[in-house]
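**Q** Mind looking over this structure? Questions follow.
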């Protein structure tokens, strides 16, 4: 008889444990490789496959099994029951390290609700690993990525930010002739980054959520001729160059303004992960890209008013976000303001008793937002933890005939605060002869008919501290996000309508719109009917002119005479609501037309009737009758056509 071998007994125990855990076999293989613009994942030899078996995604390859980026269930392949199959992913963003894929068993008896994702679905636990792929390298970490433009403080400037894997010298080259880049100007860049120790709370400061953000480069193109198309590229000869992009420079004398506006868009991520991601954001980008291309050489910009990527502390989601918006943001200035999902954390510096600031920032405390974006102005607030300051809080700029103002609803905005002082001073000095329209933007809404009861006290503070500024300084539009719907109110003052038309001359108060329909799919209910609290009836109040639950964005077009804002639905790319606001400034070429409209300037009630001969009056009356008859017939036809395409949310009182 041979003596007992303790090592043999231990190895036998491991083998039995492996079989009990799900029948892992030594001949199970897993490969992952690049194939065009995809990553193909192939496995074979998996005995007794189960519907919960999955492939987890890692970067860097040294990550612990529990620290995955995301996962795909094997049952996404038609052949998975046979122990082999294939899955594919679109090309993933460069995370400054290779990817690795690992195959795991997930026995049903270990399916637990103690470890769940953002939607309370059980998360894999990273146990019972069966196979590991070779490393897959995506992109070149040294080459510039995540390009996005922004207006700067001066009209003849344009800023571009981008990310590289090292802080070596990078430059921006730009010029008017795409083919003759030898004549392009060259400017240097500033570089910054942030570290895991700068994050304020979980999960952003944990090994699960943290990934190296790379280095953010900031280049400022100067001396631009107004309203011209410029071509540019970023990088270096040693680290590599980006492709060539282009943009239209700002023109302070432009007679038209074009902008695309939304909030709460988020990011699409092509795998399951710890948080909910926003697949509808792809449609928002698609339709805006269509509209920008249709503009040709007309300048435009993007306005994303808070809740930008919805990373919630999971840093690699920012990579997906910037890769997603690059087709528009590398060619069109992309402007932002801060929302709760970029900033809020338990120890934020300003947290009055009435505010509902919580942990929505996922521990980021505004740092990725502040480093990765650079807006005009110099609004700064220390984080208080030694990390980079919070920036891009409040600022303004002119674009054509519109003055745009951005504020932060997440930091101090009450009277006497630095932000309130800035907003008041900025609105006071608007040149209305050059920019007859003013658009004011922030994240949390001042007005909404959604049932956001937890923000009631904060909204009251906004009404008390901010609404007087909007009314006193004749703000045209006030745009808000946070509520993931579209809603247009009448011009509002003290919660009362000043005008209920959808086409009018500015009537002394701003039109409020909620435009948080950019992509986030969590929807609040509308305010319930006060006299039927137990009945699920949610009437549309009189002050709410239009509201809907479709995803989409707002499109703004303005001339000196008129500002038009439309709501474009993602489901069909068509316009479904519109408001027109006239400035009262009439260009010489249009003055005679304005005076002929019913003898009254639109919406003012001021008579401009002149003496007209009876013959002209008779002819004019006949023409007006014919026009009215044709107009009425057109309305009937249009309503029948629209009824088949779109159903407006109706007012319960009507």
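In case you wondered, yes, glycine gets a Cβ from its N, Cα and C as well.
Just so you know, TrEMBL annotations never went through curation; they're auto-generated.
Heads up, here are the entries from TrEMBL:
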type: SIGNAL; residues: 1-26; note: signal peptide
type: DOMAIN; residues: 144-247; note: domain 'Purple acid phosphatase N-terminal'
type: DOMAIN; residues: 262-486; note: domain 'Calcineurin-like phosphoesterase'
type: DOMAIN; residues: 509-577; note: domain 'Purple acid phosphatase C-terminal'
type: TRANSMEM; residues: 615-637; note: transmembrane segment
**Q** Treating G and I as helix alongside H, and B as strand alongside E, what does DSSP give for the domain 'Purple acid phosphatase C-terminal' (509-577) in helix, strand and coil?
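**A** Reading the DSSP string over the domain 'Purple acid phosphatase C-terminal' (509-577) gives 0 helix, 30 strand, 39 coil.
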**Q** By DSSP, how many residues in the domain 'Purple acid phosphatase N-terminal' (144-247) are helix, how many strand, and how many coil?
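**A** Split into helix, strand and coil, the domain 'Purple acid phosphatase N-terminal' (144-247) gives 6 helix, 47 strand, 51 coil.
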**Q** Across the domain 'Calcineurin-like phosphoesterase' (262-486), what does the pLDDT come to on average, as a whole number?
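**A** Averaged over the domain 'Calcineurin-like phosphoesterase' (262-486), per-residue pLDDT gives 96.
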